[in-house]
Amino acid sequence: MKYQSQKVALYYFAGAMALFVAQVLFGTLLGTVVVKPNFLADLVPFNILRMIHTNALIVWLLMGFFGCAYYLIPEESETELHSPGLAVLQFWLFLIGAAAAVVGYLFKIHEGREFLEQPLWIKLAIVVVALMFLYNVTMTVLKGRKTAITNVLLMGLWGIAVFFLFSLYNPNNLVLDKMFWWWVVHLWVEGVWELVMASVLAFLMIKLTGVDREIVEKWLYIIISMTLFTGILGTGHHYYWIGTPTYWQWIGSIFSTLEVLPFFAMVVFTFYMVWKGGRQHPNKAALLWCLGCSTFAFFGAGVWGFLHTLAPINYYTHGTQVTAAHGHLAFYGAYVMLNVAMFTYAMPLLLKREPYNQLLNMWGFWITTSAVTFMTFALTFAGVVQTHLQRVLGMNFMEVQEQLALFYWFRLGAGLFTLVGVILIVYSLVVPGKAAQATKAGYQPAE
Ligand code: HEM
Ligand code: HEM
Ligand SMILES: [Fe+2]
């Protein structure tokens, strides 16, 4: 950590980790309700728990991205943050807004669109938070050194804000409503969030492998060109059955299939950089998370996305547990692991200690990753059975759900392991190891 103002990232990382635990905890409650429908039934219904689970996910991932930006931008731009005070204020506003939304959900104050259930005033508060953030990071980048990493990161962050505006546009026509809903949900995760992912990975590759910036930047540009070329028209894979013209079945199938390419390129990029770079960075755990991130993003988004992205296949699988399987592995691989990679890299530097708890952190990596993978397989099998019984044989929805009980129990079991793994990860980053307590004041670990 070279700049004092990078410290504001600590608020965001701490907040994100707390919400990460909460999100996964709500996931396990949700998984329990699926197999024991009366569980908590008097207190909170399934749809509210689900909303808290998915919203907490999005909020903590965004909070983590904010933290990544505040950590990375001063170092890349070689200048202090424009306003650290504004960054701290923005953190509290965001946290209070998120908490208010959850309390609102518990009292059934929410809107209907999945992932965007926040009432209007919360959405407006989010826009204010986003403006404070964009102003702060953009001013910093403008006054400092400009690099490919800061350019791409800023493009991604501005894109996140611009597409969020479509959550405010809620046309009465159901087809248009759905169409623009995907402009947030799809163009985020398969567009602008990918730019954030690629730039943060590029930053970590420079730091951890010591490969020349020029080489990393070339890769970064190739990856994001592929992302934008494929991801924007790839939105078509959500336009198959919502009332849009049928040419979307072709456009969506072709371009979303090509979306696998940037994810594959990120795998090649990270492994190639590690192979090429001679540097033996002491933080091995952070490197493990980077490699895990590109690999599991490729499987979750690329392979599990491709499984159901061709229109003739999606015709049968649409909205089944196949979708849930993909949703879990893709979010986990791409964005959960990216954030954890950055936390694992930056927390020891922010707290001025060696990365002592690496072994514990790596246990967290393997337990969480295996558990989410197992969960994905359980849901995939459930989805295949569901597709056949419900969509091919035409069995009744609830009868089919009964047939899936065993898979749902497996999911719950894997979910509990996920929770344990996540707690281990957070513990390893927050609680100092024995040796760390002996670290002298003023000590600087390796960047
Ligand atoms: C990191 C990137 C990605 C994330 C986080 C992600 C996440 C998700 C989520 C959560 C859904 C469910 C949305 C809903 O109906 O509520 C979904 C749907 C879908 N995703 Fe992805 N996805 C990613 C990338 C991809 C890619 C690259 C492909 C194609 C190769 C893909 C193909 C699909 C398809 C076809 C659906 C619609 C499923 C249906 O009809 O029910 N996704 N994705
Ligand atoms: C880091 C880990 C996790 C991530 C990234 C994640 C992500 C998601 C996403 C994106 C959805 C919406 C899926 C869709 O629209 O198709 C979802 C729903 C759900 N999640 Fe998770 N989740 C995680 C952990 C868990 C855990 C540990 C459980 C526990 C069993 C769980 C259980 C569920 C359930 C039951 C649903 C509702 C599925 C449905 O409506 O059929 N999740 N999660
Ligand atoms: Fe999509």
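Even glycines carry a Cβ here, placed using N, Cα and C.
As recorded in TrEMBL, the features of this protein are as follows:
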DOMAIN    1-430  domain 'Cytochrome oxidase subunit I profile'
TRANSMEM  12-35  transmembrane segment
TRANSMEM  55-73  transmembrane segment
TRANSMEM  85-107  transmembrane segment
TRANSMEM  119-137  transmembrane segment
TRANSMEM  149-169  transmembrane segment
TRANSMEM  181-206  transmembrane segment
TRANSMEM  218-241  transmembrane segment
TRANSMEM  247-274  transmembrane segment
TRANSMEM  286-309  transmembrane segment
TRANSMEM  329-351  transmembrane segment
TRANSMEM  363-386  transmembrane segment
TRANSMEM  406-430  transmembrane segment
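Ranked by number of Cβ pairs under 8 Å to the transmembrane segment (181-206), the listed stretches 119-137, 218-241, 247-274, 406-430 are led by 218-241. Between the transmembrane segment (363-386) and the transmembrane segment (218-241), fewer than three CB pairs separated by 6 or more residues in sequence fall under 8 Å, so the two stretches do not touch.
When each of the listed stretches 55-73, 247-274, 329-351, 406-430 is scored by C-beta pairs under 8 angstroms to the transmembrane segment (286-309), 329-351 comes out highest. Contact check: the transmembrane segment (85-107) against the transmembrane segment (149-169) gives fewer than three Cβ pairs closer than 8 Å, residues 6 or more apart, which falls short of the contact criterion. Here the listed stretches are 149-169, 247-274, 329-351, 406-430, and the one with the most C-beta pairs under 8 angstroms to the transmembrane segment (55-73) is 329-351.
Within the same chain, residues 1, 6-7, 9-10, 13, 16-17, 20, 57, 60-61, 64-65, 67-68, 71, 189, 193-194, 196-197, 200-201, 204, 207-208, 263, 283, 285-286, 289-290, 292-293, 295-301, 304-305, 361, 365, 369, 372-373, 376, 425, 429-430, 432, 436, 445, 447 sit at least 6 positions outside the transmembrane segment (329-351) and bring their C-beta atoms closer than 8 Å to a C-beta of that stretch. On the 0 to 100 pLDDT scale, the domain 'Cytochrome oxidase subunit I profile' (1-430) averages 97 in this prediction.
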